[in-house]
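Quick notes on the structure that follows.
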């Protein structure tokens with residue numbers, strides 16, 4: 001078999017497959033992103049690919065307008081190598097004293113030379129410190145440098161464990177920082193805190209505990225010059241405290257030492273119970289601290305005093321406005337009353353003047369009437385009543401009295417004028433007087449006839465009004481309940497029921513229109529029976545069954561014996577009243593109660 005000059009065919013002939021040539025390119029953005037993501041996932045520093053994401057930051061407030069929230073700008077710091085512990089003979093002596101089998105109880109920050117920084121140390125600073133220790137104290141480094149290793153020297157295990165706890169995982173580092181032996185949970189005594197030392201005692205305590213907060217940065221306590229907004233933000237933050245502190249580092253039982261899954265699960269349950277207990281104690285401790293600070297804070301006292309003064313001022317202002325409004329209303333009311341009184345006085349004055357004028361006119365009319373009567377009487381006497389017979393003279397005098405009663409002043413004056421014209425003609429005068437009297441009598445008779453006719457018409461209209469007795473009203477109520485709305489020819493049926501069941505049959509029968517009209521009057525309350533027999537429209541009718549005195553006494557005794565709180569009261573009552581059912585007893589009880597209620601009304 002021959003191969004042409006193609007190297008691919010040769011590779012297939014020799015190896016059985018075609019080799020793929022790998023192409024390498026310079027590190028670019030893809031490699032950098034992948035490396036950063038891997039290191040972030042492992043909790044490691046991203047240098048030198050990405051510049052120090054976990055470095056400590058300084059919060060700087062950017063200038064903002066009034067009333068707006070503060071803008072926090074984070075500035076990264078460089079590694080503080082000058083704060084690392086000196087790696088000298090004293091440090092090596094300390095390492096030699098450590099027990100590599102008991103790394104849980106060692107101070108990991110001191111082992112890495114970070115006891116000055118401790119929880120403030122960044123991931124980069126931990127990495128740098130660990131790298132320095134590795135370069136100097138790794139057994140291979142000492143062996144390569146020709147430095148003899150003492151027998152049993154294994155303190156580098158402590159350095160490795162410290163790096164695993166602090167530098168490899170953020171969760172492990174927080175577990176250790178939560179129980180840092182150099183951190184104290186003690187709080188100042190509330191009796192020692194006062195307005196003078198408030199900021200000096202509690203300021204550092206809040207700053208120290210702020211390290212455990214999930215939201216960052218943590219607001220500080222401030223001083224007496226802090227604004228109200230800052231103080232309210234501070235207490236709002238601490239009253240809603242959210243911490244990452246947990247106590248898994250101090251677990252009493254190591255679940256990894258469990259022999260089986262069940263034992264490991266039980267160990268984990270016991271550890272969780274203890275962690276929850278300590279977490280609640282921590283929350284209570286912070287709560288006590290915040291409440292103590294809030295109660296002792298002189299700024300809060302000042303703000304409360306200002307609020308009380310503002311409320312008092314607002315209260316006084318409202319009282320002043322209310323008082324002014326009341327005074328204005330009273331003034332307006334007085335003015336209105338004065339206007340009404342003035343108007344009333346004016347009306348009374350007018351009324352009095354009118355009464356005086358009316359009285360004067362009446363007096364004048366009386367005087368004029370009296371004068372005319374006297375004039376007529378003088379004429380009659382002067383003419384000797386125009387007769388010589390004593391009987392006729394007596395009749396003439398009676399006629400004179402009747403005329404003075406029937407005629408008014410003007411008519412009497414006209415009559416006197418006519419008599420003056422006639423002079424002493426007796427027959428003419430008598431005829432004149434008779435004509436006048438007859439005319440007045442006719443007018444009077446016509447007026448009486450018209451008045452009598454009007455009275456008869458009124459009597460006829462009154463006779464047309466239909467009278468309803470109490471019995472008929474009760475029957476109407478019962479029929480309205482028996483035949484509700486929707487019944488065919490309802491009002492005709494109700495009218496027939498009332499006419500059929502009433503006792504007195506002497507009065508005319510009630511018609512459909514009369515029933516409708518009376519029903520409306522009963523519903524509006526304009527027509528109702530007497531208090532002893534009235535019943536509300538739509539209510540149950542009185543009990544019409546007859547109860548003997550013996551049965552009634554038995555019912556009363558049973559009701560007294562069995563209280564209303566007994567759920568089986570009516571069954572027991574019915575058994576003690578012979579010949580009556582439970583329904584009968586209840587019906588009788590309601591009937592008696594309704595009678596008593598009607599009597600009270």
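Counting begins at 1 with the first residue displayed.
Heads up, the Cβ atoms here are built off N, Cα and C, so glycines get one too.
Predicted automatically and left uncurated, TrEMBL annotations should be read as such.
Segment annotation: TrEMBL labels coiled coil over residues 429-456 (candidates 401-428, 429-456, 457-484). Feature annotation (TrEMBL): of 257-313, 314-370, the stretch labelled region 'Disordered' is 314-370.
If one looks beyond the compositional bias 'Basic and acidic residues' (563-577) by at least 6 residues along the same chain, the residues whose Cβ comes under 8 Å of a Cβ in the stretch are 551, 554-555, 557, 584-586. DSSP labels the residues of the domain 'HTH myb-type' (546-597) in these numbers: 37 helix, 0 strand, 15 coil.
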